[in-house]
Amino acid sequence: MSNAYKRVLLKLSGEALMGDDAFGINRATIERMVADIAEVVGLGTQLAVVIGGGNIFRGVAGGAAGMDRATADYMGMLATMMNALALQDAMRHAGIVARVQSALRMDQVVEPYIRPRAIRQLEEGKVVIFAAGTGNPFFTTDTAAALRGSEVGAEVVLKATKVDGVYSADPKKDPSATRYATISFDEAISRNLQVMDATAFALCRDQKLPIRVFSINKPGALKRIVLGEDEGTLVHV
């Protein structure tokens, strides 16, 4: 079976790295994620990753109460850097060549984000991990995923979550909630379905960049998506 996508951008939340822990990075969880990523890389699909920082610090969370919002957001960006380095290290142990590019300069640790370099690295079969969000406060890492996905020419943004798609209602609260196999951007907006934050969602819609929402906890889900199988929910124009 041929790959459905040549180049994808995977959005990982920081919380996904916690596993069952209350905080930080769960090594077994990150190794399982990397095993899934290795399968996709082995198929020849070019993979970029945008990673969040919510397992360490969230600029909009309670820990930032009373703090200047921009300062809190910069702290969140530094948290994504820690996650990116952990992910790169786990990939190295799995035999995957990965590069971290940061929207904030930290030259002794990672490369700065340079679009042509990122594209070249993807073409060389390396995984490129984008850290520090957009490099600007007030923008989420979802927006960074939409931005970087558009910049490097990804064919789809794969948003890894704790649920296996977009539902008509919260499946934890409403047992009758149904999963959408596909849904348009406009329909998702009209139904007030929170796929991504408004800025990220609008950017994907304007760039005609589809979003595939899937469960990061479901073994093999990432590979099935790349092979074009029905997995999660596809949000399309």
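Just so you know, glycine gets a Cβ as well, placed from its N, Cα and C.
As given in Swiss-Prot:
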BINDING   Lys11, Leu12, Ser13, Gly14, Gly54, Arg58, Thr161, Tyr167, Asp170  ATP binding site
BINDING   Gly53, Asp73, Thr134, Gly135, Asn136, Pro137, Phe138, Phe139, Thr140, Thr141  UMP binding site
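Sequence features annotated in Swiss-Prot and their locations in the structure.
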residue	record	Cβ neighbours (10 Å)
Lys11	ATP binding site	28
Ser13	ATP binding site	21
Gly53	UMP binding site	27
Gly54	ATP binding site	20
Thr134	UMP binding site	23
Asn136	UMP binding site	15
Phe138	UMP binding site	12
Thr140	UMP binding site	21
Thr161	ATP binding site	20
Asp170	ATP binding site	10
Inter-residue C-alpha distance, Gly53 (UMP binding site) and Ser13 (ATP binding site) (nearest angstrom):
7
Reduced DSSP assignment, Gly54 (ATP binding site):
coil
Spatial separation of Thr140 (UMP binding site) from Thr161 (ATP binding site) - C-alpha basis, Å:
15
Looking at the binding-site residues Thr134, Asn136, Phe138, Thr140, whose Cα is closest in space to that of Ser13 (ATP binding site)?
Thr140
Among Thr134, Asn136, Phe138, Thr140, which are recorded as binding-site residues, the nearest neighbour of Asp170 (ATP binding site) by Cα:
Thr140
